[in-house]
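A short write-up of the structure that comes next.
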Amino acid sequence: MRYILVNKPFEVLTQFTDENGRATLKDFVSIPNIYPVGRLDYDSEGLVLLTDDKQLQHRLSEPRFKVPKTYWAQVEGIPSEEALQNLRRGVDLKTGFTTPAEVELLPEAPQLWERSKPVRFRANIPTTWVQIRISQGMNRQVRKMTAAVGYPTLRLVRVSIADLRVDALQPGQWRELTKTEVQDLTEDMAAQTAAAGTYKAPSRPSEYWPGGVRPNAAAAKPGGKPAQARPANSARRDNPSKKATRPAGSAAPGSKPGASAARGAGRKPGSSRTGGSGRTGGRR
């Protein structure tokens, strides 16, 4: 198993191929058959973990295991205490509320590498660095959080994943995790799994049919329509398209006794009720 920690530069995709020719992780890491754990925005910088350990990859990516990630965000303006409290409690991003976060102002600007493209500042508006620690993975979450409380993010750097830190890694540089780091990460994920409960991947049918069972699967024919069940209280008729008939010579309900026989006796052989000739079929 391989475990790689890379410092993703600004404007690099967190993937290994791109049809549009943009920079990807392949431009910096040439190890085959490893994949990123989660995503980091194209315009964000910092730590990305790469591995071929599928089980660990799933656990680190799954929100239910609550793997913390720490970001340093340079925001426009100086956030008020109320704004910080809102970030800590959770904010409405229209797609859902964020879970509680650990948020604090950094006393001074952190010592970071220069970005490949300078940050665009607005004249006469100060900026502030905020440390935000979250365990969710919503799309562009940190940027949306700071914008929701009135302080848009100008630069965003992920500085840690669980206990793994960027430290001295420069943009584009990578290193392998030590045995101790792998062991600590594996044990931490095992504890998170136990706390979250056993995870069971859904069976293939359930991806397409609720409960994993196709409705009327036993009655449906290939290319045909599924059978429809009859109501339990409906009377079943062998042939509902035909009207019910009475035995010959029997009277309709409510008629006088002997009426049917009398009508039959008064007719001439071969005649019809409409007064036609003996022809009973054919068109006229």
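Each residue, glycine too, has its Cβ placed from N, Cα and C.
What TrEMBL lists as compositional bias 'Low complexity' is 214-232 (among others).
Per TrEMBL, the feature compositional bias 'Low complexity' maps to 246-272 (among others).
Look at TrEMBL and you will find 273-284 tagged as compositional bias 'Gly residues'.
A mean pLDDT of 93 is what the model gives for the domain 'Pseudouridine synthase RsuA/RluA-like' (3-148). What TrEMBL lists as domain 'Pseudouridine synthase RsuA/RluA-like' is 3-148.
Residues or ranges marked as region 'Disordered' in TrEMBL: 193-284.
Taking DSSP states H, G and I as helix and E and B as strand, the domain 'Pseudouridine synthase RsuA/RluA-like' (3-148) has 31 helix, 39 strand, 76 coil.
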